[in-house]
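J.: Can you keep this structure in mind? I'll have questions shortly.
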Amino acid sequence: MTDSKYVIIGAGISGLYTAWSLIDKGTGPSDIKVVAEFLPGDQSTLYTSPWAGGNFSLITSTDERSMKFDKFTYTNLHRIQELLGGPECGLDMLPSTEMFEQELDHAKLDSISQYLKEYRPMTKEEMPEGVVSGVKFLTWNFNCPLFLANFQKHLAAIGVTFERSKIDHISSVFSPSVDAVFNCTGIGAASLGGVKDENVFPTRGQVVVVRAPHIRENRFRWRPDSDTYVIPRPFSDGSIVMGGFFQEGNWSGNTYGYETEDILKRGLELYPEIGKRNELKIIREAAGLRPSRKGGVRIEVEHFDQVNGKDRYIVHNYGASGYGYQSGLGMANEATDMYFEAAK
């Protein structure tokens, strides 16, 4: 199937981050092939990455490993932005305000305060009724479809091969030249032969994309029973993403009018400067399936076989849920580190 040394299955954000990580550690781009059923520019419920709101937020877990992934990603994204030609690639930094109806974890606050730009806690006077803690900082914002397309374009230009193919079994991508296969299939890990991870499940989200070029700040309100957010999309002719829902186990790719209205109601309460409901220009309503996993992300090296005395490996990197953009560079870094350590 391929003469490449490394095959990455999946062309979502995790797959592209993994390709970059391999190159960053000295792999020649021509030694990498990305094989995927869906490529940047495609639209499918099973191809999650284009549908994401796409920014760095405080949504992730408070365990040490997750915080490490966040920090690595936040502090290294500027390198990818520079490679892709600057903010116009679909990756820019904008202000963010996040408000919580419960106290924030102290370990997480200690971690993010060390590296988030322009970080500061909100004062009591700044917090609306019901909010007990909040922070402001400068965050990364993605125009997800544009960023994916430009990321792929860059990788292809320097020699990475992209191939459209639906893979039924992970072993099918091994040829004599392949040293390792990186499994970045996201929600596809539930059905991929040779993997079929029963711990993988969808977390459905619905968003509303609205034209509001005057909105240049992220805003979040995290409640115990709902999460509301407004995320500007850089270099998108003024689009913002309003959400959202986190529906575990829901495989539906349909959008629902009552959910749209609920999103808009909550979003306008959170961010009234967006405008009046009857004046909003709705560009799109979309649903996506976050690739979640019981037990969290799977980053693991699995011995596959031995050819001519050389061990070959499958490297799993999936289950990022809704954290792929903001944590995925750190996840890819750990996956490639683990592979090179195993292959010594």
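Cβ from N, Cα, C; glycine included.
Copying in the features that Swiss-Prot gives for the protein in this structure:
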type	residues	note
BINDING	A11, S14, S49, G53, N55, I167, R290, S321, G324, Y325, Q326	FAD binding site
BINDING	Y229, R290	(R)-lactate binding site
BINDING	Y229, R290	anthranilate binding site
J.: Sorted by position, what residues of the same chain at least six away from Q326 (FAD binding site) have a C-beta under 8 A from it?
T.: N55, F56, S57, I59, T60, D70, T73, Y74, W140
J.: When DSSP is mapped onto helix/strand/coil, what comes out for N55 (FAD binding site)?
T.: strand
J.: In angstrom units, rounded to an integer, how far apart are the Cα atoms of A11 (FAD binding site) and Y229 ((R)-lactate binding site)?
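T.: Cα-Cα distance, A11 (FAD binding site) to Y229 ((R)-lactate binding site): 26 Å.
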J.: With Cβ-Cβ distance below 8 Å and at least 6 positions apart along the chain, what are the contacts of G324 (FAD binding site)? List them in sequence order.
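T.: Looking at Cβ-Cβ distances below 8 Å from G324 (FAD binding site), excluding near sequence neighbours, one finds G12, I13, S14, T48, S49, A52, G186, P291.
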J.: Measuring Cα to Cα, how many Å separate R290 (FAD binding site) from Y229 ((R)-lactate binding site)?
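T.: Counting only the Cα atoms, the answer is 16 Å.
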J.: Within 10 Å of each Cβ, count the other Cβ atoms, then let me know which of the binding-site residues S49, N55 comes out lowest.
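T.: Result for the binding-site residues S49, N55: minimum number of other Cβ atoms within 10 Å at N55.
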J.: Per DSSP, A11 (FAD binding site) is which: helix, strand or coil?
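T.: Looking at the DSSP assignment, A11 (FAD binding site) belongs to neither helix nor strand, so coil.
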